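Participant: Have a look at the structure that comes next, please.
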Amino acid sequence: MTDAPGFPLFPHPHLLGIKGLSPADIELLLERADAAVAISRRPEKKLATLRGRTQINLFFEASTRTQSSFELAGKRLGADVMNMSVASSSTKKGETLLDTAMTLNAMRPDILVVRHSAAGAAALLAQKVGCSVVNAGDGAHEHPTQALLDALTIRRKKGSIAGLVVAICGDVLHSRVARSNILLLNALGARVRVIAPSTLLPSGIGQMGVEPFTKMGEGLAGADVVMMLRLQRERMAGTFVPSVREYFRFFGLDAEKLKAAKEDALVMHPGPMNRGVEIASEVADGPQSVIQEQVEMGVAVRMAVMEALLDPRRNGDGA
């Protein structure tokens, strides 16, 4: 994977979303990530690929899993990684997102990893800074590296994504993970279903190329992959479900409901999980679960993305 000999040049300076990526772009990142998995599994994991490069993780929303994954990915590539704690930063004193970005830009980082509660925040920063920007989640808009790691997990287990039936279940309305996965899975030829109470399905969801269901049994029937989503209560302005108990009864994935899917169906969850709300422990920890594999694939995907964005050929420095 060092300097990725043999891989075509990734044609984009930033990763702001799955929207705008071609199937070939997606496949390129997945192939790079496959190579990163092998590196992450060997005793000596550290590369010098990004030695001398600076990565700043700028997280305005808390995320232990994603921030740690990006940090580890950068360190495995040899980058100097700085985690900016927003809780102790100037943003708490009234500094705007753009002010913060311009301050960081003056430090001349090579890559900025951004998570923010506002949709479009990463795209806005990409217009204002002189480095590559990776969207680590912007409001309910997109979370591209999550979709890529989910695709890598599926592909390594199933061989191909084309033709698979993937059921995305839960709070689709508020989920950036759902949006990015729908875009990616459709691009690679999967048949995508979404399952949720009608209150948690976006209006016009069918126009995104998915088949909507409001009953778990119908939506899970014959599914190859079941992707569960948590209730995004922090993004809910009103009451979308009667109660947690009622929600689990109808939309929580337990062993009985899972029987509707194929026997070898994969069970996925982007985390963090709410056991007993959207998924039962017997399923989350069961033989069909690939949730821990998703975490492993996350580091590999983020290594691949950052290496692709900082490819020396982009500046004419490489072959």
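Quick reminder: no glycine exception, Cβ is built from N, Cα and C everywhere.
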Participant: Check Swiss-Prot: it lists Arg65, Thr66, His143, Gln146, Gly271, Pro272 as binding carbamoyl phosphate. Then name which of Arg41, Arg115, Arg245 it lists for that same site.
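Facilitator: Looking at Arg41, Arg115, Arg245, the one Swiss-Prot places in the carbamoyl phosphate site next to Arg65, Thr66, His143, Gln146, Gly271, Pro272 is Arg115.
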Participant: Show me the subset of Arg65, Thr66, Arg115, His143 whose Cα is within 10 Å of Arg230 (L-aspartate binding site); these are the binding-site residues I mean.
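Facilitator: Near Arg230 (L-aspartate binding site), where near means Cα within 10 Å, there are no binding-site residues at all.
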Participant: Taking the centroid of the Cβ atoms of Arg65, Thr66, Arg115, His143, Gln146, Gly271, Pro272 as the carbamoyl phosphate site, which other residues of that chain lie with their Cβ within 8 Å of it, listed in sequence order?
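Facilitator: Neighbours within 8 Å of the Cβ centroid, excluding Arg65, Thr66, Arg115, His143, Gln146, Gly271, Pro272: Ser63, Ser69, Ala136, Gly137, Val177, Pro270.
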Participant: Using C-alpha atoms only, work out the spacing between His143 (carbamoyl phosphate binding site) and Arg176 (L-aspartate binding site) and round it to an integer in Å.
Facilitator: 6
Participant: Just counting, how many other CB atoms are there within 10 A of the CB of Arg115 (carbamoyl phosphate binding site)?
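Facilitator: Looking across every protein chain shown, the total is 24.
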